[in-house]
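Worksheet: the structure to be examined is printed underneath.
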Amino acid sequence: MDDPTTVSNQRNQSAPETPRLNLPARMSDSSVYLENLPSRTMHINRLINSNYNSSPSRTIYSDRFIPSRSGSNFALFDISNSPTSAEGKEDGSGTYNSLLRAALFGPDTPDKKDSLGSPACRNIFRYKTETKRSLHSLSPFGLDESVPGIIHSPVKAPRKVLDAPALQDDFYLNLVDWSSNNVLAVGLGNCVYLWNACSSKVTKLCDLGIDDSVCSVGWAQRGTHLAVGTSNGKVQIWDASRCRRIRTMEGHRLRVGALAWSSSLLSSGSRDKSILQRDIRVQDDFASKLSGHKSEVCGLKWSYDNRELASGGNDNKLFVWNQHSTQPVLKYCDHTAAVKAIAWSPHLHGLLASGGGTADRCIRFWNTTTNAHLSCMDTGSQVCNLVWSKNVNELVSTHGYSQNQIIVWRYPTMSKLATLTGHTYRVLYLAISPDGQTIVTGAGDETLRFWNVFPSPKSQVNDTCGVQAI
C-alpha cells in the first residue's frame, strides 16, 4: 500500500526513550510526546496549523485522530471546505481547528457551557436549530393533493424545537404535562425538569437516583403541585414553586405509568393492573383500589365535571368509573390494541374519544351518558395521544408506527384540517397549553416540538385551521 502523505518533524536523536501515543504511520515516532502537557499542546498545535502539499498521485488516507478533509461531509456542519489561499494549498480553516482543539483538549470557551450551568444538565431544553424544509419534504409519504377533506394550510416545521435527552421511547409512559401556570414538566430518565413557557427558564425539580426512573408526571388542575410516578411503584407529590417534595405514597407493586387529577383526588395506574384513588389531604396512601384491567394501565383521564374516570389498558379495554365505584360502570372492548389515548370533550357532556395501538389504529367516540358507540375513524397508524381543543370543536391525535405524524381533526365530520410531521420516532407524548392554542409533542427522537394549532377563544376560525409553528 502506498505510504500516505506525511508530516515531517526533525527527530531528536539524543532524546531518551519515552512513552508515545499510538499514532498511524503517516506521523513520525516523535511527533507527539507524553512527557508533559505544554510540550504535547505545542506539537499538536503545530500539526493542526501546518499547511502541507498533497501529492496528486497519491490517495490521502485518514488516520484515527485527524481525518482526511477530502472525505469529510463538512456541509453537515455548515463548514466550508473550499481552498482560499493564494498558493492553492488546503486552507487551515479556523473553524476546523477550533473543533479539533475542542475534541483534543475539551471546551475552553464560555459559549460552550450548557444552558443550566452544570454538567448533569447539559443540553436540557436547549433550542435545536433545524434546516427549514417544506411540509412535503418532511413527510416520508408526502401529501396527496387529491385527498378530499384535507386543508393544505401553510404548515411549517416547528421553529421551536427543544432538546430532551433521555426522553424514553416507551408507549406506556406519560412523561410530559403542561400546568395551568404555563410550566411544562418533563420526565427525563431519573429526573424531572420544569420549563417555564413565559421565561424559558429551566429548573431541575428532582432526581430519583440511579435505582429509580420517572414513568409519569401530572399537574394538579390548579396550583403548583406535581405528581411523579416512578418505576418502583411509588407516587411522589412535589410543590414545584418551592422545589420541595411534600410526600411519597405507596401501594403499587410495579411502575406507575399513568396519573390523573380530580381536584384533591389523584388517580394512579400501574403495570400491576390496578388503579389507586388517593386523597392527598389525608394520611393514608390511598382511599380505594379499582380492579378490572387484566394488563398494564397506560391511560387515565377524569371528565371535565370530575364525575367520571376513563381508563385504558394494555388489555385493549376502555373502562369508565364513577367517583364511588371500585368496578367499572362501563366497559368498551372494541379496540384491538392497547388503549393509551383518551380524551373527554369539553364541549359535550359524556363525549369520550379513545385511540388504539398498532394493531388497531382507530379513534373511537363514545357517549357515556347513553352508553353508545358513536363512530370510528381508522387513522392508518398507531394512536398514541388525543386532546380536544377548548376553543373550537376540534381535536389532535399523535401517532406512531408507521408515519409518526400529528393530525388536527374537525369533529364530528373527522375531516383532516392539517397533518404535521417532523418527529422521526413515535410521537408518544402530548400536552396542551393553558390558553388552548399550543400543543407540545415529544418523541423518542429526544425532542420536544411546539405547534400553534388552535385559534384563541376570541378569534375562532370556522372555515380553515391556520396551523403554524411557534
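Including glycine, each Cβ sits where the backbone N, Cα and C put it.
If you look up TrEMBL, you'll see 1-16 marked as compositional bias 'Polar residues'.
TrEMBL lists 162-451 with the feature domain 'CDC20/Fizzy WD40'.
Taken from TrEMBL, the feature region 'Disordered' covers 1-26.
Taken from TrEMBL, the feature repeat 'WD' applies to 207-248 (among others). Mean predicted confidence for the repeat 'WD' (207-248): the pLDDT average there is 97.
Here the repeat 'WD' (290-331) has, by DSSP, the following mix of helix, strand and coil residues: 0 helix, 20 strand, 22 coil. What TrEMBL lists as repeat 'WD' is 290-331 (among others).
According to TrEMBL, the repeat 'WD' annotation covers 420-453 (among others).
Within the chain, the repeat 'WD' (290-331) has long-range Cβ neighbours (under 8 A, six or more residues past its boundaries) at 171-174, 257-263, 267-271, 273-277, 337-344, 346, 349-350, 352, 354, 356, 360, 366, 368, 371. Taking H, G and I as helix, E and B as strand and the rest as coil, DSSP gives the repeat 'WD' (420-453) the counts 0 helix, 19 strand, 15 coil.
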